[in-house]
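Read through the structure below, which is laid out as structure tokens, and then see the notes.
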Amino acid sequence: MAQRILTLILLLCSTSAFAGLFDAPGRSQFVPADQAFSFDFQQNQHDLNLSWQVKDGYYLYRKQISITPSQAEIAEVRLPAGVWHEDEFYGKSEIYRKRLNIPLIVNQAASGATLTVTYQGCADAGFCYPPETKTVPLSEVSASTVAKSTPSPVAAQTEETPQPAARLPFSALWALLIGIGIAFTPCVLPMYPLISGIVLGGKQRLSTGRALLLTFIYVQGMALTYTALGLVVAAAGLQFQAALQHPYVLIGLALVFTLLALSMFGLFTLQLPSSLQTRLTLMSNRQQGGSPGGVFVMGAIAGLICSPCTTAPLSAILLYIAQSGNMWLGGGTLYLYALGMGLPLILITVFGNRLLPKSGPWMEHVKTAFGFVILALPVFLLERVIGDEWGLRLWSLLGVAFFGWAFITSLHARRSGMRIVQIILLAAALVSVRPLQDWAFGATTAQTQAHLNFKPITTVDALNQALAEAKGKPIMLDLYADWCVACKEFEKYTFSDPQVQQTLGDTVLLQANVTANNAQDVALLRHLNVLGLPTILFFDAQGHEHPNARVTGFMDATTFSAHLRDRQP
């Protein structure tokens, strides 16, 4: 009896094994969207909780979640912070794994009110789902008791999402380095001996400990001003984040930072009005140097006097803080920025002017280099408006300008070993110019032929017509969307391969762009029984699909070529 049971188990296992062995390599192993992202909601009067159970190996994009009420009014939606995910085409994005809860406050809802919830996610294996839309029916509630119930969800959300502070170390490190770099610009460095003497109250003989204490207090006073500024901007940034998505705002900010960068190049001077600077200077002069209280006030006032060299970098940091809307990030980043500016002052005060580099043209070079750093911000902002292709050309132009300037500047250096640096800078400039060269003179023949010539279709009727017009040739239908990372990988790495192109030489190539996910896109996907993208379908000469040849998920050129050969008669 035991032997028969064992034999039966072995038969079942072998059946499963052979089924997997002969399973088509392109067959979908992905679950439907409702199983990958199980959505649910609960409403208790004014409290509404939206929840997702995310399957292992899948994730939701934070930026793709939208919540729109109909015949109802809800409090401001604050999405929890996610974890960072990075890919080649979209850079860094925040995503949610495992479980996501979004508590909401329904201020009031009429009879028949609804909430439209849209979300979109992908699988780690390289498969993305179209945006899903769910309609949440709301119970009728009045606005009478909303004031009492409003604070609880915000508090709960704050407890669940302490993660933004975790991003502080990397950002703070850059702020610290920028502060140190600003200290060596021509507007700041020559002032340090004078500031050092004022801080010490003109007393030349002070113990090292006393001098260190007074200078540190001065720097803390300066840091207090910057930290307060960071907190204010971060608080205002909570309302600023939505505005940053508007093209006109992005273009306006790009123009502002371009002007700030030009000020770093010396085209004009940007500083506080002279009357205000004079008042602040007089207030600072009334303080008594050499005393902790007076030194602290002097430092706080000094933080208000923005020199021409500090205005542009400070504005760039403030934009970053405003975009984050994070109070800890805002205060901490500017505190360390001020600390970076103060470190050289502490060293000079304690160890004397012998540590101070000699003034010279190199300080102007530092200021100009910061101008190029500031110019990166307009490119970053405009890239969201003009798209990746033109964004790459702007980055290319900025790279050529920076490396070209650095190369020309290095020609005046007389130090040994600069020849190697010059070669590296020249090579970097030549590499940076490539996208501009392709744009101005056209890509090479090989590059021009690097993409397959797809015929676009948009509807089920257009697909049926294209299948009828194939004239006895096999057909390949590629389903594409801009939000599909693996679709872009197919374009760059698979469809550009000469072997793949040669194999598809006699195949009619169709492509449906379902980025908009509108009604006709949804109808097409439903007609083809497609769960998500990338999905590639193959039809025979009679217009019938080969179901076992369907591809879901990314394939590299070698694997895809083998798949194409296997489906050939």
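Every residue, even glycine, has its Cβ placed from backbone N, Cα and C.
Not measured: the values here are computed from a predicted model.
So that you can see what the record holds, here are the features copied from Swiss-Prot:
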type	residues	note
SIGNAL	1-19	signal peptide
DISULFID	CYS122-CYS128	disulfide bond
TRANSMEM	168-188	transmembrane segment
DISULFID	CYS187-CYS309	disulfide bond
TRANSMEM	213-233	transmembrane segment
TRANSMEM	248-268	transmembrane segment
TRANSMEM	301-321	transmembrane segment
TRANSMEM	328-348	transmembrane segment
TRANSMEM	362-382	transmembrane segment
TRANSMEM	391-411	transmembrane segment
DOMAIN	430-569	domain 'Thioredoxin'
DISULFID	CYS484-CYS487	disulfide bond
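At the 8 Å Cβ cutoff, the transmembrane segment (248-268) and the transmembrane segment (362-382) share at least 3 close pairs (sequence separation 6 or more) and count as touching. Neighbours of CYS484 (disulfide bond), defined as other CB atoms within 10 A of its CB across all chains, total 26. Here the disulfide-bonded residues are CYS122, CYS128, CYS487; the one with the fewest Cβ atoms within 10 Å of its Cβ is CYS128. A strand conformation is recorded for CYS122 (disulfide bond) in the three-state DSSP classification. Look at CYS487 (disulfide bond): DSSP puts it in a helix. Here the domain 'Thioredoxin' (430-569) has a mean pLDDT of 85 out of 100. When secondary structure is read from DSSP and collapsed to three states, CYS128 (disulfide bond) falls in the strand class.
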